[in-house]
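Beneath this line is the structure, given in structure tokens, with notes to follow.
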């Protein structure tokens with residue numbers, strides 16, 4: 001909240017003019033912060049290496065900090081670093097409780113490792129003779145806390161998070177997510193004055209792995225990691241990360257290794273015929289180092305090492321949003337995603353903390369998306385969908401944490417179209433307008449949208465398939481800039497106008513499939 005100068009001055013004079021009172025808190029519940037550039041961050045797979053290499057680069061190469069032994073020349077010259085000036089963009093913050101384990105896990109896969117270790121111990125299985133643990137090595141010390149006893153092994157910690165009731169904050173984070181797609185200094189950047197466009201990780205010419213940027217405020221008290229989404233086929237213009245993007249989309253968001261039908265090549269060997277799939281096999285595949293969720297562990301750990309006293313946030317669009325959410329769930333970090341596919345499916349396979357032990361409002365995860373996006377809504381599947389045609393098995397629809405759902409189909413009259421998935425469309429045509437508040441006495445539109453997920457998804461999928469069958473998708477283009485109507489004489493408020501977050505409590509993925517041990 002912005003406090004004018006006279007009010008700030010009065011806060012110093014009041015103690016002398018009034019009777020003593022209990023001391024106030026050191027910081028207000030809501031405040032606004034801004035950022036400036038400081039670093040660059042690179043990530044790549046070097047020759048004959050099974051794990052990715054990370055490096056951090058300051059504005060001056062002489063001040064570079066290496067996370068691993070990696071030649072600085074491979075990143076590029078100083079001209080690749082962002083030089084951002086222009087409009088001031090700010091983020092409003094507030095305090096929020098987030099549930100975290102008292103002992104922090106070393107990695108994302110530590111949750112799966114701990115689950116496997118406890119299962120083996122409970123069943124009396126000797127790990128040395130068990131062939132099901134080739135990919136998941138068991139942890140030496142860390143054990144996942146019991147969600148049934150939150151008071152003993154968990155802490156509800158008050159942390160600073162982005163205030164997502166503030167529309168400008170939602171827009172600023174979305175622009176950071178958009179910037180994760182673009183090479184620093186290249187076309188498409190949103191200029192962020194007083195924000196730190198730092199560490200553009202993964203932008204080496206031959207890098208095909210995790211990409212994005214890191215932002216930090218002037219005091220290094222808040223650091224934001226933005227992660228790039230998919231850059232291939234139906235979702236973008238391609239690029240060096242296209243192959244890895246598609247592989248990870250199909251591994252994370254498909255029911256069983258992207259084995260959609262006989263014509264598809266699976267991304268793992270877990271299919272057991274019919275609608276059966278190997279559960280342990282899927283879990284092993286998800287902890288592979290080629291998966292962005294595990295690569296993100298190295299990124300998060302290095303950022304926390306560089307900024308040990310900072311609050312770390314994550315944000316991203318599409319695949320980048322899902323990866324941000326998985327990292328946030330693993331380490332108890334706030335994450336805001338945009339148009340993310342449903343990532344409850346991979347989160348459950350990684351045994352990350354989920355309800356009922358982890359309440360949605362204490363997870364720190366918030367998903368922002370709209371009802372005309374078939375990918376985020378989980379309906380971009382089936383033989384007539386654009387995702388199927390491009391080779392993407394986007395079969396999941398359920399999200400962790402809380403959801404801010406923009407009902408663009410009802411309010412704006414949009415039709416379901418994969419092109420509305422692009423982050424630029426979301427920023428310019430969804431977030432730019434203040435959203436209408438719910439009329440008093442009426443039940444929540446967002447609660448209804450989530451509670452009736454199956455019915456809504458089936459209707460949207462049928463409409464999407466029908467549009468392609470008619471071959472009139474170019475005519476079926478109902479998502480122009482038509483926003484909520486303003487009151488006569490009213491102004492466009494900069495803040496507010498954001499739907500209320502709700503949890504997707506009744507959502508179920510892959511209901512046709514049966515998961516178990518079929519070997």
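Along the chain as shown, residues are numbered 1 onward.
Cβ from N, Cα, C; glycine included.
What Swiss-Prot records for this protein:
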type: TOPO_DOM; residues: 1-5; note: topological domain 'Cytoplasmic'
type: TRANSMEM; residues: 6-26; note: transmembrane segment
type: TOPO_DOM; residues: 27-519; note: topological domain 'Lumenal'
type: CARBOHYD; residues: 48; note: N-linked glycosylation site
type: CARBOHYD; residues: 133; note: N-linked glycosylation site
type: CARBOHYD; residues: 196; note: N-linked glycosylation site
type: CARBOHYD; residues: 220; note: N-linked glycosylation site
type: CARBOHYD; residues: 302; note: N-linked glycosylation site
type: CARBOHYD; residues: 309; note: N-linked glycosylation site
type: ACT_SITE; residues: 318; note: active site, charge relay system
type: CARBOHYD; residues: 361; note: N-linked glycosylation site
type: REGION; residues: 481-502; note: region 'Disordered'
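Counting other Cβ atoms within 10 Å of each Cβ, the lowest count among the recorded positions 309, 318 belongs to 309. The recorded positions close to residue 220 (N-linked glycosylation site), defined as a CA atom within 10 A of its CA, are 309 out of 302, 309, 318.
Considering only the recorded positions 302, 309, 318, residue 361 (N-linked glycosylation site) has 318 as its nearest partner by CA-CA distance. The highest number of surrounding Cβ atoms within 10 Å, among the glycosylation sites 220, 302, 361, is found at 302. Here the C-alpha separation of the residue listed as 'active site, charge relay system' and residue 309 (N-linked glycosylation site) works out to 29 Å. A Cα-Cα distance of 13 Å separates residue 302 (N-linked glycosylation site) from residue 309 (N-linked glycosylation site).
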